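Asks: Sharing a structure, written as structure tokens. Questions coming.
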Amino acid sequence: MRKRHPKAASDSSSEPSSSTQQTDNNNHVLLDKKVVDVRRSGKTWFSVLILIIYSSWAVYNHQHGNLPRPLTAKQAGKRGFSEIQAMKHVTALTQFGPHPVSSDALLHALEYVLGEVEKVKETAHFDVDVNVDFFESKSGVNRLVGGLFKGKSLVYSDISHIVVRIMPKYESEAGENAILVSSHIDTVFSTGGAGDCSSCVAVMLELARSVSQSAHGFKNSVIFLFNTGEEEGLNGAHSFITQHPWSSTVRLAVDLEAMGAGGKSAIFQAGPSPWAIENFALAAKYPSGQIMGQDLFTSGVIKSATDFQVYKEVAGLSGLDFAFADNTAVYHTKNDKIELIKPGSLQHLGENMLAFLIRVGSSSDLPKDKTLQTSSSDAAVYFDILGKYMVVYRQNFATMMYVSVIMQSMLIWVMSCLMGGYPALVSVMLSCLSFILAWIFSVAFSVAVAFILPWISSSPVPYASYPLMTIGLFVSPAVLGSISGQHLAFSFLRKKPSNRNSNNMELSPRLRDNLAKLEAERWLFKAGFIQWFVLLVFGTYYKLGSTYLALVWLVPPAFSYGLLEATLTPIRFPKPLKLATLAISLAVPILVSAGGFIRLAGTLIGMLIRFDRNPGGTPEWLGNVVVAVVIATFVSLTMVYLLAYIHLSGSKRSIVTALCIITALSLALVASGFLPAFTEDTARAVNVVHVVDTSGEEQASFISLFSNTPGNLNVEAEQIKEGFRCGRDNKVDFVSFEAKYSCVSKKDAEVGWDKSDVPVLRVVNEEKGRGDDERRIIAVSMETGGSSRWILGIDMEVVEDFTLQVGEEEGDEELMIGRGEKSSGQEGWHQIQFSGGKKAPTKFVLKLYQKKSDEKKMQRPVLKLRTDFDRITPQVKRVLERLPTYCSQFGKSTSPFTLAFLASLPYTK
């Protein structure tokens, strides 16, 4: 055998080494070329952004703005629903003007509704019985344990309702099982109430006509309750439930309401039993409803109450609560006009309700017992998709589904950290930091603008009449803040140790940096999984109905990422995230939630008109801060996946610059005053009240001007020119609230009212306890000067209990409020809120049972009283005539009328 020369052998052995080194170098070059270009086209990112914005707005418009075509009576037929006919009722009712309780206009409205239901009775199907009852209720007291009226006694007297029962003639048990459909005829004193709630009454009249033609096939009866007194504390519903003989037959309650004018009437409260919402979802042609609204309403975020609370809390009934929610800024103002009711609004509610009533009226499964005791596990989770389909499932199924997703997610994250080791754990922690930083910066930037607005604008809410301005004022800073927070986290993630080079390959610095960017982008995307996972856990624990939102924002993105992006080995190099991943991730979340989020933001902006419940009692910037925080939270939660793509795009600097310009231009537009904060159609909520105060040592009378809309009234006072002085030194205690900022004028305030109108509080009897019992029993005579609307505050810090009876002396007439546990509201006061008709009593005796020991010096009265008259004095008339057109009187159950008297009874030992 021929031997090779050692040198030749050495040369030969070195050839493979050189070849390997050359191969490695070539691989590095190839890898550099493969990974070097990690930047994404800026035009592509902008295109995706525009597509997402357009899709979200399209979902909102289709879900909340797509209304059915109004039908004429001929098109609807005898058994159909006609909006054209219903709008005739709205027109007739609004022509009476404002019709609050005890007004002549309300009597006219009642007469009109009574005449219309009599027509329904005359034209009903021959196999259908229609019973009409003009119900005049007795005196009563309503105490609710929660919500807006907690800590109050709501007393009523002489209020009238119209009750209509429709049932088949030959179904023996139909009269014992009824579905109640309810709404209110009365309005607040400041509006004709086209939306709230003449539109609801009109729908009920047309439903009654239609049902009267088809109820011969029913197994249950339908009761239509046209009540009054709702605006004064839900008194109409309470009097029906506690006094009317038909109330015992009600098995299901449906309430129709409005917190605006027109649009789709959506369900915002359902339950406690899921039976009603499940049947509605099956029957409704255009189902609309979001449990998100129910969560906000029951939490107290939305300060309001409806008759549904009485049906649920007092009667123990389950059912549905509907509300029109377009144009929320006009709620209870002069702008609640028929012109704002969009064509198709009543058709939408009418067709949904008619289909529902036909289904449940014909059902043999109508719950026969009170269903309030339904367990929380049986409560329904519901939401609609595009206003075409409604998803309903029960809480026990929801919990099972949520827990399953939570456990699977935890398993995936734990396994990822075990496989990835320490670098993966660091990445998870930095991902958490990324969404925390994004939220903090997003909120901080938006809140900064919120604080700036009162300084550069004549109104703290300069966008009230142009809500789209919030895009530049709050959305742009919020997005800018989210980008800034993610940018910091992106920088940290690029510097962290990586586990991608487990095969010890030698990587060029350029390649290493590009790989770090790609891996950081992926962890920013996965930060969205973590934040929605946390919200899913939180919602599941507290059994929030809105938890489904966390589910739809977690599962589709996670599925998309696992399908298109995930790798089972850390050795493979990462690649830029695919646009298909983003598209699949956001398709379902946008479809399910975009419309609801936009609607919620719009409703919140409209509510700023009446944000300050105690005028001047909240900082001017607070309303802006609330809107800013809500918008920033939406932005940081929903844009986390999209913004993860921006850091490798060539458009980051351009986007940041554009956002800064948009914000700056919006602020400049506000500062210029080019777009007014309020217009004649979106008015500022104000009250003009002629006050006669007899609570002090000397009687004082003046005109008070105050506003529930944040901001001072200097401009308005100057325009009125009636000698108004504005400031926080003009505090007025209206018993139900305190105007801590107001404008006051004493010009000609001594005339326009009569001494007989002045209320009187006086002690008529006093008894001392026996033996060591130092408690006193004081009988107080109260004369309201002819007023049938008054609010009395009782200091429960010195009063243990009290009774209220009608008459001038003890034992004269009926006892309205007996002894028993009384809760106190804000600052220890218990309020009696009274409202009645023209025949309501005006003289009462109040018996106070004082507490045993009272060593505290009392500097406030034991009783304070406000009586109201719906009467415009010459001075108030002059002010209202000169009031700017962008202002409107605002009414609610606790607001005084245009003439108010104040009185008090001091504490004496």
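Residue 1 is the first one shown; counting continues down the chain.
Just so it is clear, glycine is given a Cβ too, placed from its N, Cα and C backbone atoms.
What TrEMBL records for this protein is below:
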- 1-26: region 'Disordered' (REGION)
- 10-19: compositional bias 'Low complexity' (COMPBIAS)
- 44-60: transmembrane segment (TRANSMEM)
- 168-356: domain 'Peptidase M28' (DOMAIN)
- 400-425: transmembrane segment (TRANSMEM)
- 432-456: transmembrane segment (TRANSMEM)
- 468-493: transmembrane segment (TRANSMEM)
- 580-609: transmembrane segment (TRANSMEM)
- 621-643: transmembrane segment (TRANSMEM)
- 655-678: transmembrane segment (TRANSMEM)
Asks: With a cut-off of 8 Å between Cβ atoms, can you find at least three pairs linking the transmembrane segment (580-609) to the transmembrane segment (655-678)? Only pairs 6 or more residues apart in sequence count.
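Replies: Contact absent: fewer than 3 Cβ pairs fall under 8 Å.
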Asks: Do at least three C-beta pairs under 8 angstroms join the transmembrane segment (655-678) to the transmembrane segment (432-456), pairs 6 or more apart in sequence?
Replies: yes
Asks: Counting only residues 6+ away from its ends, which parts of the chain sit with a Cβ under 8 Å from the transmembrane segment (432-456)?
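Replies: Same-chain contacts beyond the ends: 462, 473-474, 477-482, 484-486, 488-490, 492-493, 523-524, 527-528, 530-531, 620-621, 624-625, 627-629, 631-633, 635-637, 640, 643, 663, 667, 670-671, 711.
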Asks: Give the mean pLDDT for the domain 'Peptidase M28' (168-356) on the 0 to 100 scale.
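Replies: A mean pLDDT of 95 is what the model gives the domain 'Peptidase M28' (168-356).
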